[in-house]
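Notes for the one structure printed next.
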Amino acid sequence: MMQIPKPKDSIWTDDQWSAIVSSGRDILVAAAAGSGKTAVLVERMIRKITAEEDPVDVDRLLVVTFTNASAAEMKHRIAEALEKELAKNPGSLHIRRQLSLLNRASISTLHSFCLQVLKKYYYMIDLDPGFRMADQTEGELLGDEVLDELFEDEYAKGNQAFFELADRYTTDRHDLDLQDLVKRVYEYSRSHPDPEVWLQSFVRLYDVTEESKMEELPFYQYVKEDAEMALFGAKQKLEKALELTKAPGGPAPRADNFLDDLQQIEELISCRHDFDALYERVPAVSFKRAKAVKGDEFDKALLDEATDLRNGAKKLIEKVKTDYFTRSPQDHLKSLADMKPVIETLVQLVISYGKRFEAAKQEKSIIDFSDLEHYCLAILTAVDEEGRRVPSEAAVYYQDQFHEVLVDEYQDTNLVQESILQLVKSGNEEAGNLFMVGDVKQSIYRFRLAEPLLFLGKYKRFTESGAGAGQKIDLNQNFRSRSDILDSTNFLFKQLMGGKIGEVDYDEQAALKLGASYPPNDAAKTELLLIDSADGADSSEDAEDFETVHWEAKAIAGEIRKLVSSPFKVYDGKTKTHRNIQYRDIVILLRSMPWAPQLMEELKNQGIPVYANLTSGYFEAVEVAAALSVLKVIDNPYQDIPLASVLRSPIVGCDENELALIRLEKKKAPFYEALKAYLANADRHDELYQKLRTFYDSLQKWRSFSTNHSVSELIWEVYRDTGYFDYAGGMPGGKQRQANLRVLYDRARSYEATAFRGLFRFLRFIERMQERGDDLGTARALSEQEDVVRLMTIHSSKGLEFPVVFTAGLGRSFNMMDLNKSYLLDKELGFGTKYIHPELRISYPTLPLVAMKKKMRRELLSEELRVLYVALTRAKEKLFLVGSCKNREKQLAKWQAQADRADWLLSEFDRYQASSYLDFIGPALIRHRDMEAHRTPGLSSSEDIARDPSRFHIRMLQQSELLEENPKERAEEKSKRLKAIQQGEPIPDSFSFDDQARRLLEWEYPYRELTAIRTKQSVSELKRKQEYEDEYSGRSLIKPSGDTLLYRRPGFMMKKGLTAAEKGTAMHTVMQHIPLTHVPTAEEAERTVRMLYEKELLTEEQQEAIDIEEIVQFFGTEIGKDLLRALRIDREVPFSMALPAGEVYKDAETAGEPLLVQGIIDCLYETADGLYLLDYKTDRIEGKFRNGFEGAAPILQKRYETQIELYTKAVEQITKTKVKGRALYFFDGGHVLTL
């Protein structure tokens, strides 16, 4: 069909005009952020409705939107456009008819359309016409009941196949894990148009024999891709290390090592297509001991960098070996074959559950959202004589009814929805009537099982002319944002989005083009605020999210204050003028909301009004928790925690001492029995007895009341009898608290409208809501319409726009927890699980599970890139990127290493390693000319990158900078105060202090120093205190940070990098376990380290940190030889010893108070001469102290003398034996310090 020419005075761009008027085939419009897609969609509909020739009635258009709000907005825009047309032509009956038809037009979400289909054609699938939509929690509870009955039946049948499945997926205590697995698989299968067919496809992954070829199995493609990426990544690192040997001062002696390593890696790459060959070669790879590099002519920084690169390559090869080649191909295949009958049983169990669940819902005449789609699909589908699926009569009706099917946000469609759309549209792609609008770069609903590959497949298949397939139209002109926003977004995503990471190539067609007109503003540059959370302190490496959000909130608050007090102008779309920025022009975007309360608190503390739609906190409210505890006790009084909670609450009013008195009645029995025993003593008539008697009598009354009344009536009876509703009203925030209690009552009433009844089920209903995180939320004091800073998730911001955007929390790690499960589900591959031996109870990942993990990691990273794209494209006039890192210099060096390439697109390997948004942004941004001051010379980059028009303002912030008071604000406050005094006016409140209040607030506890002394101290803590003591007073001049860790970090946190203390712990662990029968060789030491890792006494990071040379070197020293000759050796000797406080704290106010000192002595050994004490140290010596160890010795002696004195005192006190000698051994340099 010929395209209608665009009028000369048209406001539309050529591409927009093409999207408005093109027809005659399926059309896919790839509409970038801010490109006006909604306006184009509405205009297309209006032109069809008001066409002079062959106009289309509005009810002959099916318009599918993603949300109900979008549908309402679409109808509103169409109504406005029709009203304008009617004003031009008041006599038009056709336009008046369209306005009357608009309310019944099919402009809705797909779920709403499915509901229409079901109401019209319910009889085709034997559906009760009186069906209703089930509450989500109601559906889950019904599903639980069905599943319980199914499992009971399976157990009763004595089905051996079921027992084998249960043996593998249950514990010896319950079968909840297997129930969760069945529900999860069932729910996931519902995203497929034919769930049973998809479930049956599981088995093909496990349908193998020992003769099967690994390369022919469905999952092997992802195994091969991952292994290839790791091998090429290792090669890349070693090539870089080899380059460093050629640099001035580089570690030239290690060139041979790197060449040998490279040769081995290249041999692996040459046979990467052959799994059997890789199995033979990967385990045989051996990285020889690195040659020593000594002398002043070598640059230590280059040596360290080369060492890190080689270690990185070693870790990659070790990971490939661990993932794929610790077992032979035949063993892998046998594991899959062994799991086949188990998987078949699981599939049948899930299918049975699905059928029973559907029958249970039909019995109650309820359906859920998943049923809406599947029942609609069933109505629209028929089977012909040859067994093929074809459109049913109902589908043909809709094909005739709808002139065109228009789909908004097509990138978020799933497979079931696509099947429905294909059945209601007419014609094939080349002559169809399906009009799809979306942006695959904004597909961010993977958790709802959206399928962006549907969009990508059509985008690759369709052509611009529409010849041979559908037509694709690109709308890439952005009418929302300044050029600064677009240029910076393009600069980042050209480097980040492409290939398998991103799933779409960010090429010239995808890049954003300027469409809006703004006056020049140098302050509109995109800003990066990078906060160094370490701030030079080692202990801050383990800073929790709480600290990170605190510093980011301070930085953001400072920028907001500067913005609102500056002449920064924003364009107001309502007044069509530029005006000063207001709080409501600013939004803070977060990936998720856990940070929101702390951010809000900090902003409020700084006087910045802020609003967030928080949907949590309801169940944690004290009044709601108390009311729920009462209900739990009414249901079952033998629940200790709810009962104690009620007794402690204002409802009964017991204090801790009274609770203890009750418990003393029956120490081992349930608390309810203790309470009854207390009441059984008729001689008691004290206040506690009266309180308990009143409560007990009320409880019996409520329990009786609950048997013949509804839950809502019971709740109101409790409120009335206890007066708790009125009491809550008198508490701070009383109106809110009463509202919360009313919500609980209302929730009980709505629960009773479901198919369930009874108090027990209501409590399970509430527990289910809490487990799912479906919090009812609490009301907020500020509304969204007020002049406040908005705080929301990136997902919530989709489709919105704001003059100023802060994208915060960029350093937070991505949530990859799903990848650590014992099983994974994938739409393409099916079900991947661990191999589980039913008798030995051992398990390990099967290759399908590993393959799915690698595939899903790519998909998750692609999704995160799209989420970041959405965040950046919300900004109209100013964009801030805010993130924190733990060691800025190290982070910058890492980014530079990743960015050292000429291509625009960063390597897939480096992007695959990303664990946060900063890991994406940093390597891309460090190539920018505005980052030149923060990188070292010599970065490879193209001229295009250097000439890119984007502008950034890079700011590296220390925590100390954020603590400093603003001098300008301080001067303003001083000026206000002086002015008030001069004019005889009251001094502003911030300077007014009441004397009595001042005395109260400034009073200090006279024995405060004693509160800082714990009755139990470790030697390490005392040693740290000693380091800070002033030699004259003994008091601490520089106190250790409150962030200092008192406990060892768990292993999973060590993956983020080891502290010096953790490296020291690793060395001590090796010295504790290494055999002392003879001088160990390097190979024997390595075997010891490997053994400790396999026994999980060392983490992988600690294993890598061990310096074998330093351990071997120790046994070559005189003290090492003495140790091997010893008559008796005790390692890691724990002790506890009581000392007067005065011996530890010089000026403690109660010097005679006993203090328990604990410690662990590294090594005690006895020779013919006597008892010797040896302590190992991993302090860095070389290059840190002037004059080497000679200059370090006095400092180290003073540092450790307290520790060794306490060790000596403990040994002599406990063994009654004099210590003959004491020595410290320093691994760095092999130095011995005798004390």
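Just so it is clear, glycine is given a Cβ too, placed from its N, Cα and C backbone atoms.
Feature annotations, reproduced from Swiss-Prot:
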DOMAIN    10-482  domain 'UvrD-like helicase ATP-binding'
BINDING   Ala31, Ala32, Ala33, Gly34, Ser35, Gly36, Lys37, Thr38  ATP binding site
DOMAIN    509-799  domain 'UvrD-like helicase C-terminal'
Integer average pLDDT (0 to 100) for the domain 'UvrD-like helicase ATP-binding' (10-482): 92
Intrachain C-beta neighbours of Ala31 (ATP binding site), sequence separation six or more, cut-off 8 angstroms: Ala19, Lys37, Val40, Val437, Gly438, Asp439, Leu475
Which same-chain residues, if any, lie at least 6 apart from Ser35 (ATP binding site) yet have Cβ under 8 Å of it: Gln16, Leu475, Asn476, Gln477, Asn478, Phe479, Gly515
Listed in sequence order, residues not in Ala31, Ala32, Ala33, Gly34, Ser35, Gly36, Lys37, Thr38 with Cβ within 8 Å of the centre of the ATP site Cβ atoms: Val40, Asp439, Leu475, Asn478, Phe479, Arg480
C-beta crowding around Ala33 (ATP binding site), within 10 angstroms: 24
Neighbouring C-beta atoms (10 Å sphere around the C-beta of Lys37 (ATP binding site)): 21
